[in-house]
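Notes to accompany the following structure.
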Amino acid sequence: MPQPSPLLRAGTTALVALATLLMTLLPTPASAADRGEWAPYVAYTAGDIASYAGRSYDCRQSHTSLPGWEPPNVLALWLERSGPPPVDTQPPSAPSQLTSPAKTYNSVSLAWAASTDNVGVTGYEVFVGAGTTPAATTSGATSATVTGLQANTTYTFTVKARDAAGNRSAASAAFSTTTPSQP
């Protein structure tokens, strides 16, 4: 049986050595995931996330990166990810038009015009006098009843709005009313 020529055996060995070297040097592509810091000569898959210069980027198209193909330079391949949502630091507007539609000798019902907020009002707190602890709270309703009051006594009320971030509005204008005498 004829033996392959020494030249063919040497070429095959060189080819296997080259393939082994390339497989060692070039990283294996991973599934779509956070790939860490961007680097050249890396196979990226659409959906992968890579960071570069302190920013995160989504891979838009599968490719093997090359020098000069840094994410901010090749918008066809990379889309900068938006950061976390901005922190809500804006308080709601102060409630207005505080009134008392009803009262008894030991309770006062209050109503007011709704506050506005850049994100949304989640509730209100009703305060009696200079108190710092709410006498009543609501989950968005623009009315509340304060109970446990004394008959024939003048009370001053204020209302503050709050939002989901915990921001509180300035107090409404003060509203005073007197409870009637006990029957």
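Including glycine, each Cβ sits where the backbone N, Cα and C put it.
The compositional bias 'Pro residues' annotation in TrEMBL covers 83-94.
What TrEMBL lists as compositional bias 'Low complexity' is 166-183. Mapped onto DSSP classes, the compositional bias 'Low complexity' (166-183) shows 0 helix, 5 strand, 13 coil.
Feature annotation from TrEMBL assigns domain 'Fibronectin type-III' to 94-182.
Marked as region 'Disordered' by TrEMBL: 81-100 (among others). Tertiary neighbourhood of the region 'Disordered' (81-100): same-chain residues 49, 55-58, 108-119, 121, 124, 142, 157-165, 167-173, 175, 177, selected by CB-CB distance under 8 Å and a gap of 6+ residues from either end.
What TrEMBL records for 164-183 (among others) is region 'Disordered'.
For 1-32, the entry in TrEMBL reads signal peptide.
Within the model, the domain 'Fibronectin type-III' (94-182) carries an average pLDDT of 96.
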